[in-house]
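S.K.: Per Swiss-Prot, the features are:
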COMPBIAS  1-11  compositional bias 'Pro residues'
COMPBIAS  12-35  compositional bias 'Low complexity'
COMPBIAS  55-70  compositional bias 'Polar residues'
DOMAIN    264-355  domain 'RRM 1'
DOMAIN    372-454  domain 'RRM 2'
MOD_RES   Ser21  phosphoserine
REGION    1-35  region 'Disordered'
REGION    50-88  region 'Disordered'
Amino acid sequence: MNLPQQQPPAAAPQQPQSRRSPVSPQLQQQHQAAAAAFLQQRNSYNHHQPLLKQSPWSNHQNSGWGTASMSWGAMHGRDHRRSGNMGIPGTMNQISPLKKPFSGNVIAPPKFTRSTPSLTPKSWIEDNVFRTDNNSNTLLPLQVRSSLQLPAWGSDSLQDSWCTAAGTSRIDQDRSRMYDSLNMHSLENSLIDIMRAEHDPLKGRLSYPHPGTDNLLMLNGRSSLFPIDDSLLDDGHSDQVGVLNSPTCYSAHQNGERIERFSRKVFVGGLPPDIDEDEITASFRRFGPLVVDWPHKAESKSYFPPKGYAFLLFQEESSVQALIDACIEEDGKLYLCVSSPTIKDKPVQIRPWNLSDSDFVMDGSQPLDPRKTIFVGGVPRPLRAVELAMIMDRLYGGVCYAGIDTDPELKYPKGAGRVAFSNQQSYIAAISARFVQLQHGDIDKRVEVKPYVLDDQMCDECQGARCGGKFAPFFCANVTCLQYYCEFCWANIHSRAGREFHKPLVKEGADRPRQIHFRWN
């Protein structure tokens, strides 16, 4: 018997069906409509986590993301902006995080395009614990100078950072139980380290004067959650200690004043042999007012850099950042094309100095003792404080601080450094060696090591009683002495047998220790 077909009311909405086989076109449309409604609701709730679709770029991108996703437990739909520096393939510009060196496999967010180095993937809790806001492009990599601001425990911001891609805004208790046995122990230890770091603000902190570094999570010179392996420094991948999330990363302002990140003096190497000073100035004038200089320029009176390199002295620090943004990065180095009368578009190396590389504290719990500090002369200018600290610590151990001497005006390295030790044995071993071979990357140089001499110390023998309370002008660097002496006490002590050949070190004004007819024994 043929029954009349009942037409559904036009105004009645279709009820989504959770499980139905599309045996008819009408049911298939209902299934598609239900799926579209679910996707629309999911995207509207978690709009900053776009669904992963088939990439129109190339297949190797999908495979690259798939590998990284599987290492985190195959959680699909994760925001790729939250996975910076956590095993995602790519290359980070160690000097200018804002600059996009080359098109990589990672599709970066449109606001701050950057790539990050490939490191070992971390667990899902370690990946998300550094997420500091609900909808942010901020990447928090494994950099020492990142200005991390963790929300209070139990806050919505920290909990939202652990949400799954399905749109859960709170930690699912059932799911958290599943991860308790795997990650909660390490998370608890990490949080304890964080609280200790907050109570001990100098523990592992770099000597960086900006207030944005108040919450650095560095313990013993390393991140409490993401330990840096020494091989990263050996391979030249660690940028110490760097700077991706420092307050100056985006040319930020604090209290209405712009924060400087780089020295206004920039090294330029590999210049064409026939380029003169005016042509160098013309090549870089578009970045801002500058002066071209090179060693012994005034004495030589030459218009051509004699060794193919020069220094650019910019009037404003912002010009240096503009120059960096215009460069091309290759193998961790910056290049810019410069033309001369006979050579067109020759790539020259641009080597800026990051101010944050001038100091490195490996262990802030140890007090800095100037009598356990050495002076290192002839330090290559590309060498950073973190690299100097690692080299000395591998040789002698007990390093708690390293610094690179910079000139007060341009804040550019002067070719000398300081290293403080936590124990007398390491200090004596270093000064007894007299010379150290600094090897790091392209750097391989023999440098001189001396005790670090101060000009405000009293005589260790008479405590100023025989010299009218004046500071001691002499320091004996022989391991049998290692003391400051006034003129009277020096003559008295070193007239004894076995000490007549000791020679003093002095420090004049703001100069570094200078040797006076010194002979090591």
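Cβ from N, Cα, C; glycine included.
I'd like these features described in context: how deep, what's nearby, how far apart.
M.R.: DSSP states for the domain 'RRM 1' (264-355), grouped as helix (H, G, I), strand (E, B) and coil, give 26 helix, 31 strand, 35 coil.
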S.K.: Under DSSP, the domain 'RRM 2' (372-454) has how many residues in helix, strand and coil?
M.R.: 23 helix, 37 strand, 23 coil
S.K.: Need one number: mean pLDDT over the domain 'RRM 2' (372-454).
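M.R.: Looking only at the domain 'RRM 2' (372-454), pLDDT averages out to 92.
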